[in-house]
Amino acid sequence: MSNSKVRIYELSKELNLDNKDILEICDQLNIAVKSHSSTITESQAERIKAKAEKLNHQMAGKIHSGSGIDRGQNLAKERKQEILAIHHKPNRPFSSTDAPVGSGQSSPLIEPPRPPMKPQPPSPSRSEVTSPITDEPVSTQEDTNGSSSSHEREPQSPMSPFDQQQPEQNTTDHNQEQQNQLKYNQEQSNQLEQESAISSELSEVNVSKLLRPPVRPSEKPASVPSPSKEKEAKSNEPTKAQPIISPKENKSHSKENKLKLPSDIKPKPNKDKDRDGKKPDKEKDKKSLSPQPKVKRESREQREPRESREQREPRESREQREPRESREQREPKLSTELKRPTPPKPPQKPKQAEVAALAIEPEDVEDTAEDLLEEDPLEALTQKPKLKRPTPPKVGKRQNWDEEEEETEEGKGKAGKAAKAGKNKRRQLLLEDEDDFDSDLEEILEIPTAVSISTARPPKPKSMKPAASGNGASKNVKAPTKAEPGRGKSAERERSERKDRKEQPQRAETLVLDKTMTVRELAERLGIAETEIIRILFFKGIAVNITQTLDFDTIQAIAEELEVQIESPEVKAAATKTTEMLDANDLENLHRRPPVVTIMGHVDHGKTTLLDSIRKTKVAQGEAGGITQHIGAYHVDIEHEGKQEQIVFLDTPGHEAFTAMRARGARVTDIAILVVAADDGVQPQTREAISHARAAEVPIVVAINKIDKPESNPDRIKQELSELSLVPEEWGGETIMVPVSALKGENLDTLLEMLLLVAEVGELSANPDRLARGTVIEANLDRTRGPVATLLVQNGTLRVGDTIVAGPVLGKIRAMIDDRGNKVEEASPSFAVEILGLNEVPAAGDEFEVFENEKEARALADQRSQDLRQTRLQQAMSSRRISLSTLSAQAQEGKLKELNLILKADVQGSVEAILGSLKQLPQNEVQIRVLLAAPGEITETDVDLAAASGAVIVGFNTTLASGARQSADQEGIDIREYNIIYKLLDDIQGAMEGLLDPEEVESPLGVAEVRAVFPVGRGAVAGCYVQSGKIIRNRQLRVRRKGEVIYEGVLDSLKRMKEDAREVNAGYECGIGVSKFNDWQEGDSIEVFEMVMKRRTLSTK
């Protein structure tokens, strides 16, 4: 035997114990096991059995309600309803003198634990009829069990009708039993506290049955709202209510309860006695055992009073299916127990009324009990767990039972059919019995359960609370809920896919072609699949992939193939005003503001000099090459009609590269001054400035400068401007023209007066009492101050400390400096200031706004920076004029040349201008790749980047950081510095041409005419006269006859006066011989040339 192995779960079945109990015993005996499936030796199994028997005896003594070994046996048989079996069996063997605790009695004991739902008086009556001697010991044990159960049951005053019958029949026995019960109750009260953990386990099993106690009030009356509810509660609580009552309360009130209950219960015990003389004793034992598990159930009911009646009803129905004899036996015990608890008495008063109303129902209960006794208890036990699960159908039945008992019987038959579908016919019988038990159980259980729950024992810890009761239903509910969202998602996907399918077939009728696009972008615009475009191009002999960029010609070819009309977008002028700085809230607080005047014109026409003469400063002398290369903002105070007026001037560059700057200046200005030199006339940048001003819809004032020069001709300027629709006022037009001399300061006052008059007509106004808004005029990175931006405030007031967002750049203003270098605390509308405190250099032309909430400002800046990053990526992908697919092939063939540049300038506007000019250079053979373009000084980081990529560093009006020059010398990096933009552009173009391979060019040397032909041997020699240039031996020659080339070859021999000569100059005669050509004729023309390698220039092809 020692070699044989035993599984833990097999041993638990044999001992009718839980696997958990067996594992605990193994831990106590130091037997190493991992789980219920672990194997142990036969000797270890014997040790466990012995230990289990000891524990069962101990538990039986402690808890007469059935928390001992029999409990484990009952659990094994009542697996599904572990609560009933576990607690009742230990009490039965212990209480019954007839049967030992052995396994032999476990089977009969199994039956009584199920009936604990309804104890009936026949048990005491039977004991009296059969034999007082046997009954007395049984009664004592029953009393002890009953006392323990009664303590638990006493709160269940609804069972009083049955209990009252028992005391009347067994008054003498009850006196003895009460004394014994009092003793047992004291012992049990201590033992119950110690074994609360065990009861909690049983309660966990029963939680499903105990789903809802009627009410948690400590008093019984509160728990009994109505007879119908009481009935339901009784049906649900019979097993639960008994175990809940505390032993102390039972002792104190046992006598009173006994006196109250005996009157009504006598007839029921008589029936039981007649049916089974010996069964009542067993049933009593079973009842005593069952109530203790019921107590546990009640405690759980107290904890979980809100459980649905549906869940409780299935449990109660199962309990009701148990033999009624056991219930009757329990009832007398409950009567004794109920006598003891006095506190439940006040609630019992309403209970008595309810009991009187329900007194009619006991007969039905007895009948159903008799039927149940005839049935096999084991079958009922096995059926109980199955019945517990179908809670929803039972709920409907209960409602029917409460309202119409007759209809419920019919419903039970239907329910029985449904139960048969579950495999067991027994379920039908149990369902039929449930009707009778519901009324009685509801009456008996409702009130006492609430009291017992509150008084019997403290609530079990959450960890001990059984989740099994709701598991079945919860799992059933959760599963569909989990599946439902999945189904919903799949349904949503299908819908979205259907929508996409419907949308795709709709092709676009027109295509706005504003930029190059990838295959994917074009497919989205046209509303077709990418494969369709790839197929079209494939048939045209062009292989592309989905991410490849298509040029305009290819896109047009695809559109024609698909019969889609191409439209070119309307090009908006760069100077068009896009944002209105004033909103509706500002209309009530508008104040006049100074005008913003932009000085525009062709390069070297005297714009900056004119501004200097107005401001009485010397800005132009500091400009490199005498040309303005970034916007300057200046304030001028002027006296007009005795008032101090202010004008803000913006000086824009006139060089062609600074188109964006001029457009930006026109966009933020109120009045445009067009400066035209009287000695130079209208130039291209003059026309551009006019177009910018008109796009911005600002009035134009023409200043004809340099009238002090003798060659000046103002009338010619007026004539040229009138051709551009700028007709002077003296000629009947509307354009104000003022001849001025910037150097001598002539007519400057007249010009300023004209500006103020135009400003008055425009009624310029702003709201200074709001947060500032405006435009970034210029921005740069200062080596000491960090990012610096020149802002023009167009509305509101800008103050130090404001949180500002300029495009994607966030910052908090640390300082503001005006045009003369003075620090200011605030800037009112129309004033331009430099600010410090930005975290990056903003782009010139970006609009800025001040926010009160920094969090909101940061969110906006982050969103803009993300959008900007995306647009830059798209531009980088489409900027190359050679597609990525052909890039590698050309690079391998050596046809592709790239010039990598790193551009650093003083301000953002200069960077913008240089990049715009670089794009205008022809890049068919050499492409310019600008790796980095930013304002600021040249740093070592830039040198490292250039070394890694082979780039050239170009600096414009900037300096080198410390260490940058030394690092560049070590790495051999070329750093070019410029202060005039057109020199920078010329050098970059020369560098691009230097990357091109030199080409072989034909260089003519001389021309000779054939005067005579001399045959020599097999060949012939041409006597020639050199007409121009010179003839050199071993050079290329071309023979022309009557204008047509008849031969090209090499001049093999050249003789002068019968001697070989290396070359012959013009005006001399010579003989020319060619080895492969002898067909000379007089009058032929011989052209001599050589091939020379020449540097190529950029072609615009």
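Backbone N, Cα and C atoms are what each Cβ position is placed from, and that goes for glycine too.
From the options 41-45, 76-80, 626-630, the stretch Swiss-Prot describes as region 'G2' is 626-630. Per Swiss-Prot, the stretch carrying the note region 'G4' among 545-548, 681-684, 705-708, 1093-1096 is 705-708. Summarising the environment of G601 (GTP binding site), the number of other Cβ atoms within 10 Å of its Cβ, over all protein chains shown, is 29. Applying DSSP to the region 'G4' (705-708) sorts its residues as follows: 0 helix, 1 strand, 3 coil. Within the region 'G1' (601-608), the DSSP-based counts of helix, strand and coil residues read 2 helix, 1 strand, 5 coil.
Confidence over the region 'G1' (601-608), given as mean pLDDT on the 0 to 100 scale, stands at 74.
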